[in-house]
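Structure, as C-alpha cells:
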Amino acid sequence: MSIPICYLFNSFIYNNSAEAFFFAGCTTVLILALSARFMIKKKAPADPLFYVYAVYAFFSVVNLIIGLEQDNIIDGFVTFYLKEADPHINTAHGHMISYWDGCVHYLVYLLMIAAITWGDSYRAIGLYWVGSFLMRAIVYILGNAVGKYGTHVGPLFLLHMLYISVSVWACFRIFSQPSAQDIQLTSIQEAERKSLLHRPLDLLFIIYLIPALAFCVFRGLVALDCSSKWCQDYTQRYEPYLKDPSAYPKVQMLVSMLYSGPYYIIALYGLLVPGCEWMPDLTLVHSGALAQAQFSHIGASLHTRTPFSYRVPADSQPVFLLVNVLYTLVPQFLCYRCCFRPAFFCRPTPEKKSE
C-alpha cells in the first residue's frame, strides 16, 4: 500500500486536490479496517518487533520510491518530499541508501516478520540487519554533521533520529535472543582436532584477511589525506570519490578502518583458535555492515549525481569493481561458513550423567 498512498498524498499536497485527499483518506481508512479485521481473525504476535518491522517495511518501499523518482525512473509519487526534504537525500550516497533500504532491508524485514509469525528464530537475519543498520546510521549521521550540508539540518533529520532510537532498541532486543545452535559433541571434538592444513577453506580465509586488513587501513589513510605518493596516485586513478565534499566516503573509510580493521584481526584469531563461540555472531554483524557500506560506496562512486571529477575514471573501472566486489563478497562467504558449519567455534558442554 506504500505506492498508492505516496501517490495520493503527493497529489493532495503538491496539487492541493480535494479528490486526491478524499481517495487518500479512503485508502487509509481501508488499511485500518483490513488491519483490524486481520487482528480479530488471527492472534496478534506478542513480539513487539513484529510491529516495528511492519512499519519499517512500509517505509522501505517509500525509500525505494524516493530512489526511483530521484533517478527520474518514475514521477509524481514523492515530488513534494524531494523539494522539501533535507539536501542530504539528493546526494549519490543518499540515492544508494534509498535503494539499499528499499530492496535489501525490505526483504530482511519481511523475513523477520514471517519468522515471528511462524514462531521461528530470526536472530541470524536480525544480526545481519543490525550490522547494516549501524553502518548506515553512523555514516549518514556523521556525514551530515561534517560534510558540506552540515548547516542544513532540519526537522526531518530530527525525525530520522527517532528512527535511530527505535532501531537501537531493536538491536538490543535481537542481541538478547538466545542462539539456536545445537551441535553434537562428537562433531565439535572432530572439528577441533583438525589442524589448519586440514581446513583448506579456513586457510584461504586467513590468507584473504591479511590483505583485506591492509586495504582497509590504506583507504583509511587516504581518507585522512595522507601525503604518501601511493595514496595520492590511488585517489587520482581509482577512487577520486574519496575526496567528495559531501564527506560520506571519507567517513565511510574512517569507520571501516576503526571497526573493520580490528574485526579482521579478531577473525584471524577466531579461525586459528577453536572454541570462539562469538565468531558466527561477529561475522553476521560485520558482513551486514560491509555489504551496506560497499553497496553505497560502489554505487555512489559511479552515480551521475556524483560530480564528474569525483567519479571513477572509465579506464580504471574494471580494477575498481574487481577489488571492491571481492572485498564485499569474501566476508559474506566467511559468514556463511561460520554460521552453517559452526562446530569449530563451539565449546563442548559436558553431558549430564543420569543417576
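Along the chain as shown, the residues are counted starting at 1.
Backbone N, Cα and C atoms are what each Cβ position is placed from, and that goes for glycine too.
Look at TrEMBL and you will find 20-38 (among others) tagged as transmembrane segment.
Mean model confidence for the domain 'EXPERA' (46-171) is a pLDDT of 85. Per TrEMBL, the feature domain 'EXPERA' maps to 46-171 (among others).
Here the transmembrane segment (50-68) has long-range neighbours at 1-3, 6, 74, 77-78, 81-82, 89, 95, 97-99, 101-103, 105-106, 109-110, 112-113, 116-117, 166, 170, meaning same-chain residues at least 6 beyond its ends whose C-beta is under 8 angstroms from one of its own. Summarising the annotation, TrEMBL assigns transmembrane segment to 50-68 (among others).
Residues or ranges marked as transmembrane segment in TrEMBL: 97-118 (among others).
Residues or ranges marked as transmembrane segment in TrEMBL: 125-143 (among others).
Per TrEMBL, transmembrane segment is recorded for 155-175 (among others).
As annotated by TrEMBL, domain 'EXPERA' applies to 201-335 (among others).
According to TrEMBL, the feature transmembrane segment maps to 203-222 (among others).
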Pull the DSSP breakdown for the domain 'EXPERA' (46-171) and write it out as helix, strand, coil residue counts.
100 helix, 0 strand, 26 coil
Most Cβ pairs under 8 Å with the transmembrane segment (97-118), selected from 125-143, 155-175, 203-222:
125-143
Pull the DSSP breakdown for the domain 'EXPERA' (201-335) and write it out as helix, strand, coil residue counts.
110 helix, 0 strand, 25 coil
